[in-house]
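What follows is a single structure, written as structure tokens, with notes after it.
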Amino acid sequence: MSKAVLVLEDGRVFTGRPFGATGQALGEAVFSTGMSGYQETLTDPSYHRQIVVATAPQIGNTGWNGEDSESRGERIWVAGYAVRDPSPRASNWRATGTLEDELIRQRIVGIAGIDTRAVVRHLRSRGSMKAGVFSDGALAEPADLIARVRAQQSMLGADLAGEVSTAEPYVVEPDGPPGVSRFTVAALDLGIKTNTPRNFARRGIRCHVLPASTTFEQIAELNPHGVFLSNGPGDPATADHVVALTREVLGAGIPLFGICFGNQILGRALGLSTYKMVFGHRGINIPVVDHATGRVAVTAQNHGFALQGEAGQSFATPFGPAVVSHTCANDGVVEGVKLVDGRAFSVQYHPEAAAGPHDAEYLFDQFVELMAGEGR
């Protein structure tokens, strides 16, 4: 049987067998606790340059289909994939092939047969770190593999939004009669998931998806009713262009909504700082408290950076008073910020789910109300 190894920056090595393509994959080792939704995870652009370790013991049971991908063209964005027990066959009426076949087709290097529980416990105690998956011709002496892992760029300080953003603007038309829309939204693609424009379309909104390099002047030409900041990979401390753009949007009084990376961008635009978490939040059952109502939503999340702040914290900004609106019930991490006057808000989690619960989908309706002038 062929051999594959997962090598961590601190020298820990886990031995298994190849899964998917063979060769070398370098990235940051992170773990995802979702028991389902692996296709959505693999195709989420926020996982760019990360090696995802699945905590669920069996992966691939439902194969691969043409409907659940969260990227255009079904592109897999993870750098590598580590699993315990991959299913050798697909068992689902929508499946068009197996997970391993798709990994091979897209040349994603993976590893199977390792003790993923041990990997996750290690990452929980030591933190997410540089890693590599090696098999076949990429195998070498442990010291050489560790050196390769350590030589790669850290996620801290990585500016990645431009690597996953669309190169050209495109439009997602609203559902319903052609040419009829309630509102127009300018969505900045920092790594947007395809289910987000779908949520706008279902609400009768025309969504212009724009490159991460878009200027305020280009947004203003669209005369949008609102601006959306998407999820995405990398360190938000490097996203100075998007932060400056967000401040221009706020200064113009255009309603604004942000998700995940977009939450960190809005927070920075309002004066908060960000930090790299020890191992982040990646899963589909993470509880979040809304401090305006006291209600808890079970949410889907994928982030390794967060905003500095505390529950209910109020702070002054050039655009008026703001508040930390949401925090994680597990560890108190900031999960949302907003301007008190309501014209800009964001959350760290994913109300569009895909995969995950739909507890927070109402936030899209809140944005619609804001654009209609009812939420001011």
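Even glycines carry a Cβ here, placed using N, Cα and C.
The active site, nucleophile annotation in Swiss-Prot covers Cys260. Swiss-Prot lists His350, Glu352 with the feature active site. Residues or ranges marked as L-glutamine binding site by Swiss-Prot: Ser46, Gly232, Gly234, Phe261, Gln264, Asn302, Gly304, Phe305. As annotated by Swiss-Prot, domain 'Glutamine amidotransferase type-1' applies to 184-376, with the evidence given as sequence analysis. According to Swiss-Prot, the region 'CPSase' annotation covers 1-183.
Annotated features, which come from Swiss-Prot, shown on the structure.
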residue: Ser46; record: L-glutamine binding site; DSSP (3 states): helix
residue: Gly232; record: L-glutamine binding site; DSSP (3 states): coil
residue: Phe261; record: L-glutamine binding site; DSSP (3 states): helix
residue: Asn302; record: L-glutamine binding site; DSSP (3 states): strand
residue: His350; record: active site; DSSP (3 states): coil
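Across the structure, Ser46 (L-glutamine binding site) and Cys260 (active site, nucleophile) are spaced 9 Å apart at their Cα atoms. Summarising model confidence by region, the domain 'Glutamine amidotransferase type-1' (184-376) averages a pLDDT of 96. Sparsest Cβ environment among the binding-site residues Gly232, Gly234, Gly304 (other Cβ atoms counted within 10 Å): Gly304. Sitting within 8 Å of the Cβ centre of Ser46, Gly232, Gly234, Phe261, Gln264, Asn302, Gly304, Phe305, and not among those site residues for L-glutamine, are the Cβ atoms of Gly191, Asn231, Pro233, Pro236, Cys260, His303.
If you compare every pair of Cα atoms in Ser46, Gly232, Gly234, Phe261, Gln264, Asn302, Gly304, Phe305, the residues listed for L-glutamine, the longest distance is 13 angstrom. Among the active-site residues listed here, namely Cys260, His350, Glu352, Cys260 has its C-alpha nearest to that of Gly232 (L-glutamine binding site). Ranking the binding-site residues Ser46, Gln264 by other CB atoms within 10 A of the CB puts Ser46 at the bottom. In this view, the densest Cβ surroundings among the binding-site residues Phe261, Phe305 belong to Phe261, judged by other Cβ atoms lying within 10 Å. All protein chains shown were included, and the count of other CB atoms within 10 Å of the CB of Asn302 (L-glutamine binding site) stands at 29. Only Cys260, Asn302, from the recorded positions Gly234, Cys260, Asn302, Gly304, place their Cα within 10 Å of the Cα belonging to His350 (active site). Cα-Cα distance from Gln264 (L-glutamine binding site) to Glu352 (active site): 17 Å (rounded to the nearest whole number). Long-range Cβ contacts of Cys260 (active site, nucleophile) within its own chain (separation 6+, distance under 8 Å): Ser46, Ser230, Asn231, Gly232, Gln301, Asn302, His303, Val347, Gln348, Tyr349, His350.
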